[in-house]
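Asker: Quick one: the structure is below, and I'll ask about it shortly.
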Amino acid sequence: MDVSEGGVTVSVPTASGGGEGAADDVFFNATQELNRDLTVATLAAFREREPRAASYLDAMTASGIRGVRAANAGWDVTMADVDADAVELATSNLARNGLDGEVVARDANSLLHDHDRVLDVVDIDPFGSPMPFADAAFANARNLVCVTATDTAPLCGAHFESGVRKYSATPRNTNYHAEMGLRILLGALARTAARYDVGVTPILSHVSDHYVRTYLELDHRATDANAAVEQVGHVYHCQQCLSRDHEYGLVAAPRAECPRCGGHQVLTAGPLWLGPAHEEAFAASVREQLTREMGEASQAFHLLQTIEGELHEPTHYDQHRLYSQWGEPAVGMAEFLDQLRDAGLRASRTHFGGTTFKTDGGLAEVEAAVL
């Protein structure tokens, strides 16, 4: 069947039930249109930031729709897949749109280690964890690595042992599980890049539906790698009163008791990324690159607008969860945030949920401001 998206039309597999999906081992995910719209807009914004960036690798291309859209936006595209049917389909989709590009039947790691190729932007969008491809990406990409992770249960700690194995970290299943997953992923990626003397800067990150997506700008100096590793640390979360604090460093110092309530159910999470997960100005520039032909432009616009205003403090709170903990009825979010600001705290909404917020104050300060 044919799908039109972002100014291109491609053939995609038809699942056995007649819908869009997987057939003959070639996968197409219609629900990832937001992800692809944001990818194209991010590539456009990044090219303004780094005009020399020209080449783009869609490392797990499947139907090729992401790579075709990148080629349509003017990128020198290479599309790769280990499946011969996917390579044939992606090649056909490039041709039917009158676009140039190369489609190769190669494993992503093998292709990335081919030093005859210069790849400015590498896009890793596997099914599951991206970590098996992270070393090759950071060792060989020049400017930008784009990463999707769909294994959100291991990342957020719901599948604890799997998260420990895949990300060499301790993820904890908290009421801010989406941000936990994002920061566990960023921490693992930063540590991987540092092995190759590459420093990463997250210029845009988001958690949408059941995936985590981040765009990491690269700097190829050991000092930059050191600086990125310095943004990694641990979060200490009290299961009883929901307070938490954090500290930088790869060595954890577990808390015997909560400094706020004196409870002894304090979880240690990490190593994870404690630094900013986005740059406000870059998020704004991505928003400016959204076009009417993008099917999820409206959702992308509002997502980016929220991210622009989101504070960088690690870990958000859920307002409804706090009021439930306090045994009080929740007020409206706008009123709630105004109360925090009136008390001298910085506060913002977050893109992690409609009742989530960030603040530079501790939980005791939040409680004093609103109760």
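Cβ from N, Cα, C; glycine included.
Here Swiss-Prot flags 1-370 as domain 'Trm1 methyltransferase', drawing on sequence analysis. Feature annotation from Swiss-Prot assigns S-adenosyl-L-methionine binding site to Arg36, Arg66, Asp81, Asp107, Ala108. According to Swiss-Prot, the feature Zn(2+) binding site maps to Cys238, Cys241, Cys258, Cys261.
Could you place the listed features in the three-dimensional structure?
Answerer: For Asp107 (S-adenosyl-L-methionine binding site), the same-chain residues 6+ apart in sequence whose C-beta sits under 8 angstroms from its C-beta are Ala80, Val82.
The Cβ of Cys238 (Zn(2+) binding site) lies under 8 Å from the Cβ of Arg244, Cys258, Arg260, Cys261, Gly263, Gln265, Val266, Leu267, each on the same chain and at least six residues away in sequence.
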Asker: About how far apart, in whole Å, are the alpha carbons (Cα) of Asp81 (S-adenosyl-L-methionine binding site) and Cys241 (Zn(2+) binding site)?
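Answerer: That comes out at 48 Å between the alpha carbons.
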Asker: Report the mean pLDDT of the predicted model across the domain 'Trm1 methyltransferase' (1-370), rounded to a whole number.
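Answerer: It averages 95.
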Asker: Could you give the Cα-Cα distance between Arg66 (S-adenosyl-L-methionine binding site) and Cys241 (Zn(2+) binding site), in whole Å?
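Answerer: So the Cα of Cys241 (Zn(2+) binding site) lies 44 Å away from that of Arg66 (S-adenosyl-L-methionine binding site).
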Asker: Note the Cβ centroid of Cys238, Cys241, Cys258, Cys261, the recorded Zn(2+) site, then list each other residue of that chain whose Cβ lies within 8 Å of it, in sequence.
Answerer: Gln239, Gln240, Leu242, Ser243, Pro259, Arg260, Gly262, Gly263, Gln265, Val266
